[in-house]
Ligand SMILES: Nc1ncnc2c1ncn2[C@@H]1O[C@H](COP(=O)(O)OP(=O)(O)OP(=O)(O)O)[C@@H](O)[C@H]1O
């Protein structure tokens with residue numbers, strides 16, 4: 001491209017930036033005004049909150065006044081937040097106003113229109129678009145179209161136009177660093193540039209270089225179940241985040257960020273992705289890990305986590321694997337639903353409700369209420385039982401209010417306590433004093449018996465655990481599931497509950513059973529459910545999530561090859577399973593086969609680890625061959641590690657040493673900690689990733705990436721067979737620029753196999769004599 005052309009483009013960049021800068025000045029003015037107003041209200045508010053509360057009437061007046069001020073303050077805060085959001089967006093645009101240009105010509109129109117595309121829209125004072133938001137309907141052409149006739153969706157239907165030119169820019173600090181014309185979706189030059197950079201502490205948005213197949217995921221608004229099978233580093237996580245930004249833009253009126261929930265693999269990951277949406281001017285969605293979600297719903301129980309399970313998984317006897325598979329299946333969940341629907345009232349398990357160590361409602365009484373009700377759906381019948389219990393509680397409160405201890409307590413009340421109990425009621429609202437005293441007495445007893453009310457409200461009178469044990473006792477086992485083994489697993493559940501623990505495999509069916517019987521546990525407000533790393537979820541768990549968020553559109557992303565300790569499952573089979581289990585109308589499967597994260601040599605090696613790796617397309621970014629270092633004892637392994645760290649540190653910001661489990665991570669960390677200053681051992685509790693040298697077990701590195709990776713001890717002992725392919729593949733694919741694998745003793749047969757081409761690795765043996 002001529003430098004004259006670039007000069008012309010630079011002039012336009014300058015002119016747009018000039019207008020953005022002027023807008024920033026104007027908006028800053030608005031912002032200062034909003035802040036000043038806010039401060040005034042705050043001062044006024046704090047002056048008012050220190051009024052004297054003794055006189056009741058004063059207090060009521062003050063509180064009405066305060067409420068008004070509080071409403072005003074929250075309106076002002078909202079206003080201030082909007083202006084501050086705009087300001088941030090403009091400041092980003094000021095550095096880099098856009099990254100793309102398309103020239104289009106509609107049929108019959110003599111003129112070509114030139115549109116520039118950036119992370120947000122910007123219009124001049126006459127409302128002409130100087131920059132189009134990347135999510136605007138017309139911007140789809142930039143991502144989807146090759147030159148020639150193209151179509152794009154608009155709210156008014158599909159439009160046809162002719163794409164005459166597509167240009168990409170890299171603009172930094174207001175200067176065009178490079179620009180390319182391309183016929184491709186988004187050309188490789190730009191990608192080369194972006195991917196060659198060092199890893200940042202947090203993930204970056206990819207709007208400038210979204211690829212066509214990623215764009216399909218991002219802009220899909222039709223599917224109610226979107227399953228994405230994407231190879232490691234293919235941009236699944238990036239696509240989720242851009243998709244959320246797109247959906248928020250697309251349904252601005254109906255969709256809020258907190259109606260979107262993302263299940264992420266670990267807390268480090270949650271932090272890692274936390275900057276992407278704000279960088280696009282959007283608020284973050286809700287994020288939760290499966291462990292957090294389950295423990296929140298099973299309060300009081302220590303729910304086994306996926307990490308606990310990884311640590312013990314390899315020791316699980318074969319016979320129990322089938323039992324676990326059954327419990328993780330859709331069949332098991334269907335049986336739970338079926339059991340609940342047809343549950344004979346005689347089999348309903350109730351608990352006593354206690355107060356102060358005494359039985360308050362006997363379970364026989366609860367049973368009698370339940371039995372006396374007409375045959376209804378279990379949840380309805382349960383709700384009626386609950387209402388009856390609450391009615392009886394109120395009756396008992398009324399009786400108790402007449403007792404002596406209450407009268408004594410009333411006598412002891414200070415004026416202020418008395419007014420507190422009166423709450424919104426005013427004295428003159430009572431016909432006579434007796435009514436007022438009785439009102440106060442009931443308030444006192446209600447407060448005292450609050451725990452009973454809470455127990456009823458939280459459905460504690462259903463004995464969920466016994467009910468689940470009862471379910472298991474009658475479950476119909478598939479042929480490959482041994483009855484004695486299943487019974488043993490039932491006994492293990494019972495024992496775990498004694499110790500307030502819950503095995504992971506039982507958490508979803510247990511919650512499902514509780515929800516169906518009590519009619520609770522569903523969140524109808526959530527509109528989108530995203531699950532990243534879905535290969536680590538069982539069908540039963542996914543089914544429970546679908547039940548818990550019944551109105552949510554689902555987007556599940558994962559890579560079956562990265563399943564740790566689990567057989568690889570074909571994505572089509574998975575989609576069919578999910579479709580049947582969820583009863584959805586518009587399921588869609590999309591595949592991402594191109595891997596962007598790692599250099600060409602690293603991806604080529606990682607492909608060779610997999611039996612069906614040929615489908616993976618490596619992005620053509622040059623780099624060193626991965627290295628395998630073989631040593632024969634722990635200490636020389638550590639020496640080799642030490643030397644590698646020193647070499648890699650020269651060119652890499654973050655080096656991750658990935659181990660198979662936590663014990664090995666500890667062993668390595670103990671040694672390294674003496675030799676290097678900036679070594680960090682990462683644990684499940686860590687929330688952010690420091691720079692430097694990190695030591696962590698592979699399951700904590702899921703979804704993350706590092707400049708350089710050293711896989712610790714890839715020996716035949718640690719990775720003996722295909723069961724470990726997923727783990728090894730996940731380790732290798734965390735590396736962006738450099739990969740080293742160290743083996744203590746003979747290297748894993750997964751690497752030293754005939755299928756592994758000798759050209760994809762450098763091997764360094766210890767010289768032994
Ligand atoms: N279109 C793109 N443009 C620029 N960078 C991209 C693009 N797609 C992916 N990347 C980069 O590739 C890397 C991998 O992306 P991401 O983490 O989203 O992949 P993933 O499929 O979720 O990976 P994994 O399953 O291995 O965790 C990231 O650094 C991301 O920024």
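In case you wondered, yes, glycine gets a Cβ from its N, Cα and C as well.
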The residue range that TrEMBL labels coiled coil, out of 17-44, 45-72, is 17-44
With the fewest other Cβ atoms within 10 Å, the residue among the binding-site residues 231, 232 is 232
Sequence-distant contacts of the coiled coil (17-44), meaning Cβ under 8 Å and at least 6 residues beyond its ends, amount to 69, 72-73, 76-77, 79-80, 83-84, 86-87, 90-91, 93-94, 97, 122, 124, 130, 174
If you count the other CB atoms within 10 A of the CB of residue 234 (ATP binding site), including all protein chains displayed, you should get 27
Least surrounded, by Cβ count within 10 Å, of the binding-site residues 230, 233 is 230
If you count the other CB atoms within 10 A of the CB of residue 237 (ATP binding site), including all protein chains displayed, you should get 25
Residue 237 (ATP binding site), DSSP three-state class -> helix
Simplified to three states, DSSP reports residue 230 (ATP binding site) as strand
For ATP, residues beyond 230, 231, 232, 233, 234, 235, 236, 237 with C-beta within 8 angstroms of the site's Cβ centre include exactly 559, 592, 595, 596, 597
Within the same chain, the residues at least 6 apart in sequence whose Cβ is under 8 angstroms from that of residue 236 (ATP binding site) are 228, 230, 532, 557, 558, 559, 592
Note: in the chain of residue 235 (ATP binding site), residues six or more apart in sequence with C-beta under 8 angstroms of its C-beta are 206, 211, 214, 592, 596
